[in-house]
There are 2 protein chains.
Amino acid sequence: EAVIHSDPGFSRENQYFQSQNERYEAAVRKSVHLKEKMHQMGWTENRPEIKYCYRALGGDLAFNIHRVFKNSILALGTDEQIAKWIPLADKYHIIGTYAQTELGHGTFLRGLETTAVFDISTQEFTLNTPKISAMKWWPGDLGRSATHAVVFAQLYIKGKCYGLHAFILQIRSLCDHSPAPGVIVGDIGPKMNFEHIDNGYLMLQNINIPRENMLSRFSQVLPDGTYVKQGSDKINYLTMIVTRVQMLWTEVIPMLLRACTIAIRYSVVRRQSKLNPSDPEAKILDYQTQQQKLLPLLATAYAFHFMNAFVNEFYNKGYTEIKQGNFESLPELHALTSGLKAIITDFCTAGAEVCLRACGGHGYSALSGLPFLYTKLVASCIYEGENTVLFLQTARFLVKCLAAAHSDQSIPASAAYLSSVGSGKCKAWTKTDFLKPDVYAEAYRHRATRLLGNAATKLQALVQSGAEQYEAWNKCTIQLVQAAKAHCHYIVVKNFIDTVEKLKNEAEIQKIVKHLCDLFALHGIFSNTGDFLHAGYISGDQMDMVTASYLDLLAVIRSDAVPLVDAFDFTDESLNSALGCYDGHIYQRLYEWAQKSPTNQQVSRAYASYLKPLFQSAPSKL
Amino acid sequence: EAVIHSDPGFSRENQYFQSQNERYEAAVRKSVHLKEKMHQMGWTENRPEIKYCYRALGGDLAFNIHRVFKNSILALGTDEQIAKWIPLADKYHIIGTYAQTELGHGTFLRGLETTAVFDISTQEFTLNTPKISAMKWWPGDLGRSATHAVVFAQLYIKGKCYGLHAFILQIRSLCDHSPAPGVIVGDIGPKMNFEHIDNGYLMLQNINIPRENMLSRFSQVLPDGTYVKQGSDKINYLTMIVTRVQMLWTEVIPMLLRACTIAIRYSVVRRQSKLNPSDPEAKILDYQTQQQKLLPLLATAYAFHFMNAFVNEFYNKGYTEIKQGNFESLPELHALTSGLKAIITDFCTAGAEVCLRACGGHGYSALSGLPFLYTKLVASCIYEGENTVLFLQTARFLVKCLAAAHSDQSIPASAAYLSSVGSGKCKAWTKTDFLKPDVYAEAYRHRATRLLGNAATKLQALVQSGAEQYEAWNKCTIQLVQAAKAHCHYIVVKNFIDTVEKLKNEAEIQKIVKHLCDLFALHGIFSNTGDFLHAGYISGDQMDMVTASYLDLLAVIRSDAVPLVDAFDFTDESLNSALGCYDGHIYQRLYEWAQKSPTNQQVSRAYASYLKPLFQSAPSKL
């Protein structure tokens, strides 16, 4: 990271003062500069240095969707297509975008309206945007940069629709960057964040592309118009799975780690009010309410960090199988990554808001870096699948698993617990019993099984009483989402427990990580008491023990909180926060940074034009 | 509002495209223009037209803290001081700010470090900022506009500190706007929102002001240095109470109404996926999960709208008494406004995020207006008292009330229920029983009483086992916050029930409002099941009835959702949202507005400087 920070071309000093135009320009400049730097240093895309570069730069780079463009070609393209396009994209000889979402259509892929009609006589596809709601809308790198696009469109051959397929087309000239004939393209304007990304719109009017430009690893159109398909219907989801897995470790989980680092460091410097009337003002992290806000988030950050390692491993295995034509793991991979994407982005977003608010007014200053983290994270709850929709995908998978369990069929590993019959009552007798992973894991398992069982029973009852399947499903969705959340929550707790076990040869570290695991698990029970009390699995008295253990843990983690965020090892430059620096000089830095703001560098016309005439009417002596 | 909208001087067309400087300038221009307009139209500050002006302008005006400056003089100043300063401020001959918060000090007023030392020989106070953490930080209108300030400082007479007092001083010249000698003043830079407000910093170096400039209604310094005090120690809180009450109806509750209007209108135009496979794509508001997101918020908007009427009445009565020297109602007024400020800002902020996310990607576009509402609301959780601190103020009051109840003393009306002994079990037998206001009111009462009782018992036990009072208090704060929230939640439910009863002569309206009241109450139980299940007040079976009744209500309110937001009666100009317009033309408007974005008006240098050289190295034939 030192290489990056020592290079003035990567400075983030003015980031919080820039306009949308300036941020876009800086992001393009840095991305091109990074490519040169990589070449100089001999780094390649797959070396770990790159991960550190992204980390050091805080994600403020262009061409993220260019990567998705490449991923989609790698996932859906033939070997020839990969050989043709990937080298061009790797060298930035072309910039690509991934044009899926439309103005009127998001998550429901079958609803997309863009068309691609195959003409046997010319051996070309003709792409069209039939109406305004079919305009491609949101793709990053599209608004001002991209020369090419992978466009998803409904494939028509001889009047018959074969569903959604991906096509590569050129949208801007490589000579002068003007839009290709028949292409209307632009930027969708300001957003809550991502000013550095040129999210764009794209309308296509009779654009012809050769037959070779349909991505054809899993389905192709032969010269005579014959349609050949191989593999699952769900294969279009593959790019989304890849993207979801990547976004978690590049754009989501690290943001929570950053927010925790900033808020916890601030909370041991900031003093407010008195705990003991005879002492000076207390550090705010010594207040129980501040610990309640930040320390469970710290545990969550570790939980997701470990979860991410698991997901990557699981995904790599599945991806390899699928590329080899074995689609068996696709449903579980899709369900698991959908649900985890949803719960992780939900928790990280809520966590960033908590961190911001826990720093009071200074958290609300852009200079804290926290507004930036929040506004970036909230987008992750929406993009790459809206979270409610994703939870329902997971729920649909779980309902199938439950049915399989009831008929003694085998169930994928992540849902295997659904077939085991647990006890109806929690066996804890004292508050320390709740520090046993078996005890809380069983509680989470019971909750997930119960919520899913209830939702499935209701669904079945509705259908049996004559409701249509779709209508019954809709009437159960609130409860199905709850069940999917409980399942994902359990998966995260379970993985945390497994991680602690694996540390058995490092007793000191294991001890601290075990505290974090306990805190994560008990905070989850403490924050969702009703789910555990409802059927009496945990009694009111036992819940009081959970509360007591949970509050004890806050005090335990308090003493390690600073080293635990220091271990995330963010440089000051990478955090880019006036509150979060390692040296703790928050007030000096806020004052210095504020003085650099353009609001202090220029005299506003407001005074001369509007205020001066008023003030000059005031009586001369006040 | 038509007068405002027809005046191009008030246009908000470019709001989402403006820089911090531009937004500040526009806000000043509009505020001065509004003052002229008011003069032309013969409107005065207290006429209802003004309320509509603010509404029409969506709050994008300068000089909000100038109003707090005036309020503080009206609340804390003598009649002479009011007569001298208020006319100047009313005419904008001076612009004032309210300088309380310091860089190192927020909610804990006693910790403020600015000093005001009285010198008998000169009859002047000398104000100083003794160190960097004492710099005034955050006051609005300070950074670039204000000529005067009400500054809070520790008063010293003959070396003795008399605590915090308010002083009026001039900080900039009325001739050329340059900072007064010894004054260092500037803007604190970018924030998450409020770009139109020039929040500022202020350092004072030996500023002398005459004795008459201390606001002296409740305490004064005589020429010989004698300090005379009248009234409560808490009188400095009065300005904050005034400000909290005003902010709820100007800056907070209307923002939730706006967010609901935008999200619900969008949700009946936007279609996604299919409910019935043979139908076209369904309106997203017909999905149960979307109803779950938005309809309880609609009920919350109505709940707070009605709550606001109650608070205003309660406050007007108390304020009049206090100004007449009767401080009896101050503790209750302070506790009630603190807790309600906290719960209302918490709910509204969370609600705005839900609305934003419920509109998917388009909600995340600045053009939806929703990011603006969220980023504005989240500040309201922090300013005028951070919410956790405020809930603890309410909790402290409630603990005193509970002690009074146990010793048969009288309790203020809002907490009187603490002395009544309720039943230990909910008496509902069917799901329709949960539509009886008595049933759910009693459940909320039980929850609030139980949580407060538990926290108070724990507090007492800790003290009896030898803990210091402050240490015991800190160990109970998480639970005390829960108790205060439950109390405030009950107050809002109770007031909603009372409002429904008052509508008995308007059966049609009463029926709809009763549905909203039921939904608000049952959603609160459904979202906090543990609080009601814990001690067995509501059983698991009864909770299933709550769920069933709650889900039924969603379908009922769905059919009235659009007229219920139309009734808020926001003009399209005032909403300023591409998604929320009355005509429902969301896609056309998004496209039209996006085209006006500066990102489409200027060619970025990024292409010529960084991209062109790369593209030109591409092979000429792709």
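Keep in mind that glycine also has a Cβ here, set from the backbone N, Cα and C atoms.
Not measured: the values here are computed from a predicted model.
Taken from TrEMBL, the feature active site, proton acceptor covers B:E384. For the recorded site, B:E384 (active site, proton acceptor), the DSSP three-state label reads coil.
Annotation source TrEMBL lists FAD binding site at B:T101, B:G140. In the three-state DSSP assignment, the secondary structure recorded for B:T101 (FAD binding site) is coil.
Residues or ranges marked as domain 'Acyl-coenzyme A oxidase N-terminal' in TrEMBL: B:1-95. Confidence annotation: the domain 'Acyl-coenzyme A oxidase N-terminal' (B:1-95) carries a mean pLDDT of 88 in the model.
The annotation domain 'Acyl-CoA oxidase C-alpha1' is assigned in TrEMBL to B:237-399.
TrEMBL lists B:437-615 with the feature domain 'Acyl-CoA oxidase C-terminal'.
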In terms of Cβ proximity below 8 Å, which recorded positions out of B:T101, B:G140, B:E384 neighbour chain A?
B:T101
For the domain 'Acyl-coenzyme A oxidase N-terminal' (B:1-95), what are the DSSP-based totals of helix, strand and coil residues?
67 helix, 0 strand, 28 coil
Taking the Cβ of B:G140 (FAD binding site) as reference, which residues of that chain separated by at least 6 in sequence fall under 8 Å from it?
B:N64, B:I65, B:V68, B:T97, B:F194, B:I197, B:D198, B:N199, B:G200
B:G140 (FAD binding site) - helix vs strand vs coil (DSSP):
coil
Roughly how many angstrom lie between the C-alpha atoms of B:T101 (FAD binding site) and B:E384 (active site, proton acceptor)?
10
Does B:E384 (active site, proton acceptor) have same-chain partners at least 6 apart in sequence with Cβ under 8 Å from its own Cβ, and which are they?
B:M240, B:T243, B:R244, B:M247, B:K341
